[in-house]
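A.B. asks: Got a structure for you, written out below as structure tokens; questions coming shortly.
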Amino acid sequence: MSEVSNEAARRRTFAIISHPDAGKTTLTEKLLLFGGAIQMAGSVKGRKAARHATSDWMALEKERGISVTSSVMQFPYEGKIVNLLDTPGHADFGEDTYRVLTAVDSALMVIDVAKGVEERTIKLMEVCRLRDTPIMTFINKLDREGKNPIDLLDEVETVLGIQCAPVTWPIGMGQRLKGVVHLISGEVHLYEQGRNFTRQDSTIFPSLEAPGLVEKIGEQMLAELREELELVQGASNPFDLDAYRAGQQTPVFFGSGVNNFGVQPLLDFFVEHAPPPQARETTGRRVEPTEAKLSGFVFKIQANMDPQHRDRVAFMRVCSGKFTAGMKTLHVRSGKDVKLANALTFMASDREIAAEAWPGDVIGIHNHGTISIGDTFTEGESLSFTGIPNFAPELFRRARLRDPLKLKQLQKGLAQLSEEGATQFFRPLMSNDLILGAVGVLQFDVVAYRLKDEYGVDAIFEPVSVTTARWVHCDNAKKLEEFREKNAGNLGIDAAGQLVYLAPTRVNLQLAQERAPDVRFSATREHAHVKAID
């Protein structure tokens, strides 16, 4: 096996998805704790608490206790290298999450035992479906009262349309929680207050028949458990690796992230069965991870990861080959050679200079405004990874300055923050307005907060008469020019220099489409095909 094949086979790159407050960030912390990446897990709850969760590193996230931007963390575990991408749980940040899901090989879905499948989980699941992403499920907060576990499996199967294969099963819950049974190994992991629940610090019985177990959980509970397990094993599906990897079956685990309980069986199973880096489609051909030459794509851009340095970092997923510090690459969109000198690896916000990276790894590239989401880097081959879209925003606001002298900083701030992809920035052709588009209201708050915090600009966002946006294309240059002249009042340019129709109403959009049958109006923009406009 080549060095690239060897290293690629060790990688497990995944994202955690959930509805807000299902305990995703807490679980992230615990996985890092087991991976030896952090010594002391910080709880997300107390906003003024001294320890903040490692993956919520932006000032606003620390203040509000919600994850707003996806973090990237890497840790070694059992001979494998795990790359964990945390995604925002808040509904308004769907696009950021969507793009993170394009950069992973599998996902972990976290469900609150009391709430079951929630609306945001359904949406994220649809995204995973588009790519047949393999999914494992962790049913969290077992230390609280919740729904019947059998009903929960039924709910996941019915609502999300995916087969469940329970791997661990709870022994009671809430006040009566006694532990979990591992349905494949037969082991019983006891739940005891004050334990860390590492392999070294937990009571594990080899089976339900093991002497001493009945004293721990009581005869009645053991009898109930045996009955329940008979029912579960009769009604549910055994784990099937091929069905899981095809995105048709989800292995299910139960536990309590905040208490570390049930997390290690999940992590052990994950590193053993989750897929290593997979082949990727490009505009020209399929790229296999084991190819010798480097290729990768940018799925996220983050401004100001380090307030002291006012920097912007492009997150690149390595798809094939080996990255080494200082290597020369081709930035396909611009056609320029770029030397990747100080690329970073991540442990949430702690960055280290990357000496090398392999397929499945995520590295950070310093970006001075020349790199966009969806950009491909190669060792010279001209190809572009596909399937990384920009969506048309659903809400629009005009930015207004309280201090008109800060216009330059405002333009710079809006352009840089929109590069991250959670908001989009438009400039109408016929006015000096600066219009911001987003998927949800929270994003405008975040931008206003960050403009003030990071750029020293006090701006307010007020309503503007734009209902929706469509990217416009036409193969006939003359017809496009005619369309541009007739509709100049409704046209604008986005941050990538693409022409966009900003429709004041849905009816207006319909009429414009009818009047210009040769012009294509699209609700998404595929990043792979965007060429830079000078």
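Cβ atoms are placed via backbone N, Cα and C, with glycine included.
Per Swiss-Prot, the features are:
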- 18-25, 86-90, 140-143: GTP binding site (BINDING)
- 9-278: domain 'tr-type G' (DOMAIN)
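I'd like to know what surrounds each of these features in this structure.
C.D. replies: Of all Cβ atoms in the shown protein chains, 17 besides its own fall within 10 Å of the Cβ of Asp21 (GTP binding site).
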A.B. asks: Taking the binding-site residues one at a time (Ser18, Thr87), which has its Cβ surrounded by the most other Cβ atoms within 10 Å?
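C.D. replies: Most Cβ neighbours within 10 Å: Thr87.
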A.B. asks: Does DSSP put Ser18 (GTP binding site) in a helix, in a strand, or in coil?
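C.D. replies: Strand, per DSSP.
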A.B. asks: Return one of helix, strand or coil for Leu142 (GTP binding site), based on DSSP.
C.D. replies: coil
A.B. asks: Counting across all protein chains shown, how many other Cβ atoms sit within 10 Å of the Cβ of Lys24 (GTP binding site)?
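C.D. replies: A 10 Å sphere around the Cβ of Lys24 (GTP binding site) contains 28 other Cβ atoms.
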A.B. asks: Give me the mean pLDDT over the domain 'tr-type G' (9-278), rounded to a whole number.
C.D. replies: 83
